[in-house]
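Trainee: Not my notes, these are from Swiss-Prot:
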BINDING   23, 135, 356  substrate binding site
BINDING   110, 111, 182, 207, 208, 209, 210, 239, 240, 241, 242  pyridoxal 5'-phosphate binding site
MOD_RES   242  N6-(pyridoxal phosphate)lysine
């Protein structure tokens, strides 16, 4: 029996290798820095989600150490048992102040937040409208809910409305979207999505994982670029593991919606709570991003510079308008070759292939941070452009 299973595993892995979709993990150190250590070499880090450089911030480290001294290392239980430390209540109040919502709840990760929220809100008699390029956690949440799924073409509001029009009015409806799309670097049209959700009586849930801490008033997210919009969004989800440099995620909205999810969400109920040290770093990070406008501004400037120069050099960066800059090279083999070449040049940037992105859109996903210097980015661009010319990606 064991041999039969192993043969199945080997065959499956070999098929991935044949399609250039096999994945490996590589030991990396100092990934919280603009320059990291990988395979013993010092390399420029253009692959990290540490957008504001807070993962290595001394203030967050001290907050974690102090909380561990006070509360210990582990939460000891789920929040519904004895894991609901006072820190949870304090941080959730901070989130409400930051996001201007009635209530918030902290969840262990962005994945468990999306999977849990969507599957608790919707059921087999309901309909979910999901952008085709939404994150995998949204896709999995929709599947787990058992609801009928209607996927609309990426950022295509006309297609979304067509799908809404053909759905019986009595059906409960949820529209769900990323705000900053993690593999595209473009942004959802929230104002228009709000208009559609109001017209057709749907709930609207947004995933601010790659926007929280960066965009909008006090870094509260894309929903807060125009403050009046945020109050019209039913469920806000975001993570602390990217721009805030910590771990975990939040769900925020009105009081009854959050209370409902606390009572229905299996990924909240049946898991041990986050450690106190993590909660303390979240509290510290929120305080920093709310006030540190200069750090957010540096990130946006770095993103615009990197994006514009690569586009001018002839690279296909899609519709990116953020700090996430994909260079689309179509085939899996080309993406792997490109990634290998940039890493040989001293840059960490990873090939992204199906199923993470659609077929024939494999790419290198570059991400810049506020902590990259102009000289870092100038040097990287020279390497990337030279490689592109050598490999025929640009003329």
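Including glycine, each Cβ sits where the backbone N, Cα and C put it.
Provide an account of the burial state, proximal residues and distances for the features listed.
Mentor: When Cβ atoms from all protein chains are considered, those within 10 Å of residue 23 (substrate binding site) total 9, not counting its own.
For the recorded site, residue 210 (pyridoxal 5'-phosphate binding site), the DSSP three-state label reads coil.
In the structure as shown, the Cβ atom of residue 242 (pyridoxal 5'-phosphate binding site) sits within 10 Å of 26 other Cβ atoms.
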Trainee: Using all protein chains in view, find how many other C-beta atoms are within 10 Å of the C-beta of residue 356 (substrate binding site).
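Mentor: Cβ-Cβ neighbours of residue 356 (substrate binding site) within 10 Å number 17.
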Trainee: Of all the binding-site residues given, namely 23, 135, 356, which is spatially nearest to residue 208 (pyridoxal 5'-phosphate binding site) at the Cα level?
Mentor: 135
Trainee: Going by DSSP, is residue 110 (pyridoxal 5'-phosphate binding site) part of a helix, a strand, or coil?
Mentor: helix
Trainee: Going by Cα-Cα distance, pick out whichever of the binding-site residues 23, 135, 356 is nearest to residue 242 (pyridoxal 5'-phosphate binding site).
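Mentor: Checking each of 23, 135, 356 against residue 242 (pyridoxal 5'-phosphate binding site), the shortest Cα distance is to 135.
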